[in-house]
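S.K.: Mind looking over this structure? Questions follow.
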């Protein structure tokens, strides 16, 4: 077992650092190719941007494994691109999108992260980052800096742990998984299980993995398995949820399900591709 742990701790940093690209590049390409982000929850880039920005500031106090810092920086870049593509190709307001007014969810205060114009999304990310920078500069010379950054870390990882929840709830409401790339969930399951092993095989001191990362890893892995179960049970739903909604609106049948990358329909299991 010690030999296996040694291999995992040697390979995992490279895998973890590059995981944002391997996990989300296919989702970005799918939305760009199909010209529609229907079925994809905008809460995913929100969660990952907030969590990753917080983790960058957390690093200055915890000095955790460099691969986790690189992952956070790459995650910010990837999710800025994903948010841009998803906003550019948003469906009309009448079409179903997860966690929007039309999905049955209650309106959020000030329509938070449900805005129709792209500018408020970028303004929120910019102001959020700026406030954290000001707090960092004010507290870094004081004895409160390490407790402050530790608090940021736990907040970041608690937020990140909720990443699968919007998509889990969206899929449950529709009894379908159309619009969410199957390749993303496969990457999530494999990546988070591998990452969890690395977390527990590494130390907790400087250059290691703090307890907060381990707790987050366990919760995320369980949620990922729940998403995988939804794909296995529901697929695209009885007739393809997005297609049904387009027909109900008086339009043509919805986009071909292959455009969203879900490689199997109701009652069919497809390969992990």
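Cβ atoms here come from the backbone N, Cα and C positions, even for glycine.
TrEMBL entries are annotated by machine, without manual review.
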S.K.: According to TrEMBL, transmembrane segment applies to one of these ranges: 178-200, 201-223. Which one is it?
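M.R.: Among 178-200, 201-223, the range TrEMBL annotates as transmembrane segment is 178-200.
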S.K.: Pick from 102-120, 121-139: which stretch is listed in TrEMBL under transmembrane segment?
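M.R.: Within the set 102-120, 121-139, TrEMBL attaches transmembrane segment to 121-139.
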S.K.: Would you kindly list the residues that approach the transmembrane segment (121-139) from elsewhere in its chain, counting only those six or more residues past its ends and only Cβ-Cβ distances under 8 Å?
M.R.: 49-50, 53-54, 57, 60, 80, 83, 87, 113, 115, 145, 148, 152
